[in-house]
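What follows is one structure encoded as structure tokens, with my remarks underneath.
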Amino acid sequence: MKKIVLLGYMGCGKSTIAQKLSKITEIPFLDLDKCIENKVNLTINEIFDKQGEIYFRKLEHETFLELLQSPQEIIIGLGGGTPCYANNHELLNKEGVTSVYLKASIDTLYGRLLHNKSKRPLIADKNEQEMREFIATHLFERSFYYNQARHKVTVDGRTIDETVSDILKVLA
Ligand SMILES: Nc1ncnc2c1ncn2[C@@H]1O[C@H](COP(=O)(O)OP(=O)(O)O)[C@@H](O)[C@H]1O
Ligand SMILES: O=C(O)C1=C[C@@H](OP(=O)(O)O)[C@@H](O)[C@H](O)C1
Ligand SMILES: [Mg+2]
């Protein structure tokens, strides 16, 4: 069954937009991070702290594969790093998978992440200047993977509803 996969950098809105898109389309949605947390009964922060990032990436890959193999039509909100590890980017264009990159500028991401970093272990300890530099470099490094998506929707200056409507247009 068809899968709609939302990807992009931390803070671009994957979890928020997937939820709203699900309400409108009545296609159920799953957030990959939430699925991972439920699977091991630990938060993302706890997994990074206790088991380390490599273990998280392994779980992330396994869980993504499981979701893609499930029989239902679902909307999947990935984690920001999902396409960038374990060749997950090769799964973005498999038969039955429609991937959408939610593309955000450094300014948009910085503005959203500055007060929203505590549950994101990669940036939780960074100050304002470190955050800006980190986002700029990291986004550049990851763009190759994000650009493997079938569709791209720019989210800068768009409300949640406008982004959902932009996604519906590219999916039509
Ligand atoms: N126009 C918008 N579209 C999506 N998210 C927005 C928008 N404006 C503000 N936000 C906020 O930005 C944050 C995006 O976080 P989230 O959905 O968790 O992103 P991701 O899952 O990509 O890391 C949320 O706190 C959301 O409320
Ligand atoms: O960019 C990343 O490597 C990560 C993004 C997070 O998801 P969000 O993009 O939903 O914050 C989460 O998977 C983890 O903290 C690692
Ligand atoms: Mg998320």
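In case you wondered, yes, glycine gets a Cβ from its N, Cα and C as well.
The ATP binding site annotation in TrEMBL covers Gly11, Cys12, Gly13, Lys14, Ser15, Thr16, Arg120, Arg158. For Arg158 (ATP binding site), the number of other Cβ atoms no farther than 10 Å from its own Cβ, over all displayed protein chains, is 18.
Residues near Ser15 (ATP binding site) in space but far in sequence (CB under 8 A, at least 6 apart, same chain), listed by position: Asp31, Asp33, Gly77. Positions annotated as Mg(2+) binding site by TrEMBL: Ser15.
Taken residue by residue with DSSP, Arg57 (substrate binding site) is part of a helix. As annotated by TrEMBL, substrate binding site applies to Asp33, Arg57, Gly80, Arg142.
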Per DSSP, three-state class assigned to Gly11 (ATP binding site): coil
Secondary structure of Arg158 (ATP binding site) (DSSP, helix/strand/coil): coil
Where Arg142 (substrate binding site) falls in three-state DSSP terms: helix
C-alpha spacing of Gly11 (ATP binding site) relative to Gly80 (substrate binding site), in angstrom: 8
Where the C-beta lies under 6 angstroms from ligand 2, the matching binding-site residues among Cys12, Gly13, Arg57, Gly80, Arg120: Gly80, Arg120
Greatest inter-residue Cα distance in Å for the substrate-binding set Asp33, Arg57, Gly80, Arg142: 18
